[in-house]
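Participant: Sharing a structure, written as structure tokens. Questions coming.
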Amino acid sequence: MIERGKFRSLTLINWNGFFARTFDLDELVTTLSGGNGAGKSTTMAAFVTALIPDLTLLHFRNTTEAGATSGSRDKGLHGKLKAGVCYSMLDTINSRHQRVVVGVRLQQVAGRDRKVDIKPFAIQGLPMSVQPTQLVTETLNERQARVLPLNELKDKLEAMEGVQFKQFNSITDYHSLMFELGIIARRLRSASDRSKFYRLIEASLYGGISSAITRSLRDYLLPENSGVRKAFQDMEAALRENRMTLEAIRVTQSDRDLFKHLISEATNYVAADYMRHANERRVHLDKALEFRRELHTSRQQLAAEQYKHVDMARELAEHNGAEGDLEADYQAASDHLNLVQTALRQQEKIERYEADLDELQIRLEEQNEVVAEAIERQEENEARAEAAELEVDELKSQLADYQQALDVQQTRAIQYNQAIAALNRAKELCHLPDLTADSAAEWLETFQAKELEATEKMLSLEQKMSMAQTAHSQFEQAYQLVVAINGPLARNEAWDVARELLREGVDQRHLAEQVQPLRMRLSELEQRLREQQEAERLLADFCKRQGKNFDIDELEALHQELEARIASLSDSVSNAREERMALRQEQEQLQSRIQSLMQRAPVWLAAQNSLNQLSEQCGEEFTSSQDVTEFLQQLLEREREAIVERDEVGARKNAVDEEIERLSQPGGSEDQRLNALAERFGGVLLSEIYDDVSLEDAPYFSALYGPSRHAIVVPDLSQVTEHLEGLTDCPEDLYLIEGDPQSFDDSVFSVDELEKAVVVKIADRQWRYSRFPEVPLFGRAARESRIESLHAEREVLSERFATLSFDVQKTQRLHQAFSRFIGSHLAVAFESDPEAEIRQLNSRRVELERALSNHENDNQQQRIQFEQAKEGVTALNRILPRLNLLADDSLADRVDEIRERLDEAQEAARFVQQFGNQLAKLEPIVSVLQSDPEQFEQLKEDYAYSQQMQRDARQQAFALTEVVQRRAHFSYSDSAEMLSGNSDLNEKLRERLEQAEAERTRAREALRGHAAQLNQYNQVLASLKSSYDTKKELLNDLQRELQDIGVRADSGAEERARIRRDELHAQLSNNRSRRNQLEKALTFCEAEMDNLTRKLRKLERDYFEMREQVVTAKAGWCAVMRMVKDNGVERRLHRRELAYLSADDLRSMSDKALGALRLAVADNEHLRDVLRMSEDPKRPERKIQFFVAVYQHLRERIRQDIIRTDDPVEAIEQMEIELSRLTEELTSREQKLAISSRSVANIIRKTIQREQNRIRMLNQGLQNVSFGQVNSVRLNVNVRETHAMLLDVLSEQHEQHQDLFNSNRLTFSEALAKLYQRLNPQIDMGQRTPQTIGEELLDYRNYLEMEVEVNRGSDGWLRAESGALSTGEAIGTGMSILVMVVQSWEDESRRLRGKDISPCRLLFLDEAARLDARSIATLFELCERLQMQLIIAAPENISPEKGTTYKLVRKVFQNTEHVHVVGLRGFAPQLPETLPGSDEAPSQAS
């Protein structure tokens, strides 16, 4: 019998009132008695703290705080301690008689939070003689002691031999040791377990029915059934793992795709950049060489352009100098042309004005004669009109006087007076003082004759004056002509000058006639002179271009030489063109061939890569397509053999899997129908009863029962008979054995044991001999052993099957690779290397390019010589026709001579043109200049005097006529005579008056008409004079302007001036054109020089940069190559087919791969950082580092147990094979792992039945418990209706819900939860997931409802609730429940700890005064029956009869508080006995 462990003592060190106190604990009940505040609760608190040192759970509330949700701030612990180090220790002895001291070191933490620091520890191997107080205290003197800190305690214990001290950093480790050593009943793995344990202790401490426990009775009482649960969990874990593995395989397949994608993109990213750098390095080297060649060529071109620039600049300076002279000459010629044109226009105006003046002169002379005649007639009309007027006046006067005389008597006297007046007037006018009326008639005749004589004399003088006036006019005309030609001179010199001018005019006219021939001659000579100058210029230009001076005689020979050179150069150029065409044609053919080879090279390289991969994979060398096809046939044969062997291993593996599955059935049943029959018959499988048989006994029992080892044990065979009728769903042989499954033994058979065999006497006449099986399968241990061996065999078979599958798939993939190679690359794989041919063609192309370059240089020189020769011949062709002009040295002198003669002729022509008309006019009248008509003025005066005399004579004749006419008046002597005479006179006067008035009117009309006509004549004369004077002035101005112009205006002058101007303009234009050409050429040359200079600088800069870049890149490239070779990735990166792509294509390829890689490594921080660093274009080695990092990353993810290679590419290929094999294997495994819903229902039902039986056993132990009116206590266990329905559906109607259990998307737990929801739609599942609900449904405890019932008085069995019971009854019932929980925990934990350990049992009860004596006695009885220790606290009036009682009294002495303790042990039948350690504890150390 295993002894139960016991708590020996409780030690409090430095607690409030207890400095160093050890309470020895009774084996059953220890009672703490004392008044209020005596320290009972403090003692219990120290015990609980040492038992559960978890500050998150500890809460020591006062009784008055019962039901409160919060207590004091320190939860009752801080105030129970003293300052300094405190201890609470439990001294125990377990079933192995091992003394174990467990405890805690407590210490108050300074601060307002009133915290406590707890350190748990344990002491093993302590001698029984050593008391706990001796360990933790050090005696200073008789009255003082000191508490040791934990480190000193550790040192002290380590110094003791055989003593082990353990300090724990976690409560879990502390409780784990206490469980292993049998101090606590249950393993407290988690905070939840600790909380349950604390709630149990707390419930016992404060008494009553704890709602926290009764609500969770299933968690406290029912074991977790970890085996079944673990089976379910293992099954689900296996399924989950299987599915996760399948999902992982799918993920891995996607990872494989990712890996392939990562390797592909990384290879593209790095290889493209690697090959681009390789290409760029080659290109940079070529560019550096090209830059160097271009630099040399540019320097030569710049030197040539500089020489050319100097020549053109010199020629431009010459043309600029010549242009100034030509511009001056052209401007002078233009001005001369303008002057000639102006002179011609002036000459035309002069001639026009001279013609107009001649015409005006004639008209003016004619008009002068008309005006003179008109003046004479006007004077005559005026005289006639005046005479008629005088006569009329006279007659009127006479008639008036006569009328007056007739009116008055004095009329005669008046007439007489008038006659006397007329006589006196006549005397006065005629100067005849002796004139009388009688002599008047005689004198009238005299004076009339005198008048006639005066008139005749006047007419004669008038005729003479007209003639003199004409002579005077011719002389003035001739004189004016001489003055106009020669200038002012004396009148007497006019004759001589006129004759000289006429002779000079003849000479000038002769010279003027030579102007046109001289002009033509001069024009011809000037043209020849210009041609001579042009020929000299061409010769000078030719000599300058040829760089040598030539004589005129050498030009013809030079012309022939140049023509011969042109012919030879033309042939050379033609031959060079044909040779160049041949070279270029060959070059194009080479280029075309290289292009075709470059297009074929990537295909050939891809074929070679594929061929090399095939060679590496199969380890064969292929030299022809026939080798490939032959090896493919061998590969097919090998594949068939591997498939046959794989199928054989697979069949054996399936057989092993089936056997493992059969042996893995719960209860050892190999037939699922037996489980259903056992449940139906209410029995138990025999294999399940003997499930715990050891491996050593398994062969015996297997042979003992023989074929009946699969029998069903039933309580009563008679009750099974009715079930056997019509039974068909069962094995062929069904064995039924009657017996109690709870106490079944093998006594039903008579057995004789032999060597490795048994003889079973079934009946008197029937024995059975059975040998011990070599591989027993009876009992769980035997099955597990067999399953283990089968698993080992299965592992070997699986590994072999995996190897064969891998080989088959590898062979198949190799076959596919060969098929792809034959379909894609076989046609080109064994052709010649295009790259070698490309290299040969490139070398030939370089030779052709060099030959073409040399040929171009030679051809360029020949072309330059040809062009120079052509230019020379062209220039000579223009010069040779003018050789005679170049030899004529006197041409310029002749031109000057003719020009002088032409100037003289032109001067004469101008003289003739200017004075020719005057000389022509002067010539016929020159003779009038011999005598000067100076008497013209005297004649003019005589004529005027004659006119006056004629006028006076007329007046005298008129006066005498009047006297004669009034002669009658003188005879009036008296009035009679006057009257008689007056009548006749009146008539006569009137007649004469009428005649005189008529004459006067006629005279007036004639005078008026002649006056108007004279006025018109005068106006015409004035107009003509004005026009003549104006034109004369204009003519003089024009002649002066013509003289000022100083140009001879003739008919050919304008033409010559225009020709000269046009020639100069043509020369100027040619010069300007040439100058513009030179300027443009010079500008172009300068631009070309600038471009060449910039190009030269750029080429120098580019060359040095490129050279530096090449040098720098060489170092970087060496580092890259070293890194590539060190890491062995050159084969992956040096992809020759990429060498045929352009840099842009490679960069695009690299950039696309970079974008894909950024997405691919987004979740990998290391690769992401390395990729980001590799993006630096200046550090190509970082891309290699990234590639190496990718390979390393993939290598780390290669399972070396599956894939035996370091190459990720090969690993991916092997991974594809392995993943496909694993997918098949795991799919079949999932089908085998899946458990049926009927099996689940059977397992849960059996577990429920077993636990119901266990609860019934526990109830038997509580039947005799009574407290007050409570006669008995029991636990009632029922299956929930909803869960019972679920079990029925799982076992009977599971086919209807296969959509849940056959779903690959749902685990079994999730399918179970979905089914539960489907069956109970009215139940709200809350926020719980189907997985959580399913896991709860797999726990049988959730199928049960548990409640505590009490048999109380007359009420019978009713539910145990605090409201229905008294305080004592509730405390007793609660204590009974706690005892049941503790017992259940022990049963549950028995298989977890050693078989030789029975754990301690201890509960608490504070304030036990609420129980009566009968109830306390019941507690004592319960503790005795269950071997349980109990610590109760009660007031002083409680005196238990059994156990140990401590009386506690708190005292204060000299401001020091301590508890006085007295211990008593059992006083009823025995004498009181003072327990050890009951003396007062020493005072605290000062």
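A Cβ is built for glycine as well, from the same backbone N, Cα and C atoms used for every other residue.
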Participant: If you check Swiss-Prot, which stretch out of 74-110, 185-221, 444-480, 703-739 is marked coiled coil?
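Facilitator: Going through 74-110, 185-221, 444-480, 703-739 one by one, Swiss-Prot gives coiled coil for 444-480.
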Participant: For the annotation coiled coil in Swiss-Prot, which listed range does it cover: 629-686, 1209-1266?
Facilitator: 1209-1266
Participant: Check the coiled coil (835-923) against each of 326-418, 509-603, 977-1115 and return whichever range has the most CB pairs under 8 Å.
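Facilitator: Looking at each of 326-418, 509-603, 977-1115 in turn, the most contacts to the coiled coil (835-923) are made by 509-603.
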Participant: Out of Asn36, Ser41, which of the binding-site residues has the smallest number of neighbouring Cβ atoms within 10 Å?
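Facilitator: Each of the binding-site residues Asn36, Ser41 was scored by Cβ atoms within 10 Å; lowest is Asn36.
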Participant: Which residues, same chain and not among Gly34, Gly35, Asn36, Gly37, Ala38, Gly39, Lys40, Ser41, have a CB within 8 angstroms of the centroid of the CB atoms at the recorded ATP site?
Facilitator: Thr42, Ala1433, Leu1448, Arg1450
Participant: Look up Ser41 (ATP binding site) in the DSSP assignment and reduce it to helix, strand or coil.
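Facilitator: It is helical.
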Participant: What is the one among the binding-site residues Gly35, Gly37, Gly39 whose Cβ has the most other Cβ atoms less than or equal to 10 Å away?
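Facilitator: Answer by Cβ density within 10 Å: Gly39.
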Participant: If you skip the near sequence neighbours and keep only those at least six away, which residues in the chain come within under 8 angstroms of Lys40 (ATP binding site), Cβ to Cβ?
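Facilitator: The list for Lys40 (ATP binding site) reads Leu32, Ser33, Gly34, Asp1406, Ala1433, Leu1448, given in order along the sequence.
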Participant: What are the non-local neighbours of Ala38 (ATP binding site), defined as same-chain residues 6+ apart in sequence with CB under 8 A from its CB?
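Facilitator: Set apart from Ala38 (ATP binding site) by at least 6 residues yet with Cβ under 8 Å, we have Leu1448, Val1449, Arg1450, Val1459.
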Participant: What are the DSSP helix, strand and coil residue counts for the region 'Flexible hinge' (666-783)?
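Facilitator: Looking at the region 'Flexible hinge' (666-783) with DSSP, the answer is 47 helix, 26 strand, 45 coil.
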Participant: Kindly assign Gly34 (ATP binding site) to one of the three DSSP-derived states: helix, strand or coil.
Facilitator: strand
